[in-house]
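Participant: Questions regarding the structure given below will be posed in turn.
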Amino acid sequence: MEPVDPRLEPWKHPGSQPKTACTNCYCKKCCFHCQVCFITKALGISYGRKKRRQRRRPPQGSQTHQVSLSKQPTSQSRGDPTGPKE
């Protein structure tokens, strides 16, 4: 390896940047284009802001699952709660 100028920042070292720009393509060649492409495209890791998903609302006429659970009878405890008598 050839010596690198110590005054250069690490991201400006020769060979640290690919000669071509990154693309939005997800083919194998583009996924291994550079370290950033590999992390975002091949591994699927992105640290950007996540888009908030809209909650899917149930139709007006249907009941929610939570309401149907509250109408169920409570389970009866079996046996004496204080323990067996001997």
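Our numbering is plain: 1 for the first residue shown, then up by one each step along the chain.
Backbone N, Cα and C atoms are what each Cβ position is placed from, and that goes for glycine too.
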Participant: Would you mind telling me which one of R52, R56, R78 Swiss-Prot calls asymmetric dimethylarginine?
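Facilitator: Out of R52, R56, R78, Swiss-Prot attaches the asymmetric dimethylarginine annotation to R52.
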Participant: Just to verify: the residue among H33, R53 with the fewest other Cβ atoms within 10 Å, which of the recorded positions is it?
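Facilitator: Lowest Cβ count within 10 Å among the recorded positions (H33, R53) is R53.
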Participant: Can you list, in sequence order, the residues of the same chain other than C22, H33, C34, C37 whose CB lies within 8 Å of the CB centroid of the Zn(2+) 1 site?
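Facilitator: Everything else in range on the chain: P18, T23, C30, F32, Q35, V36, F38, K41.
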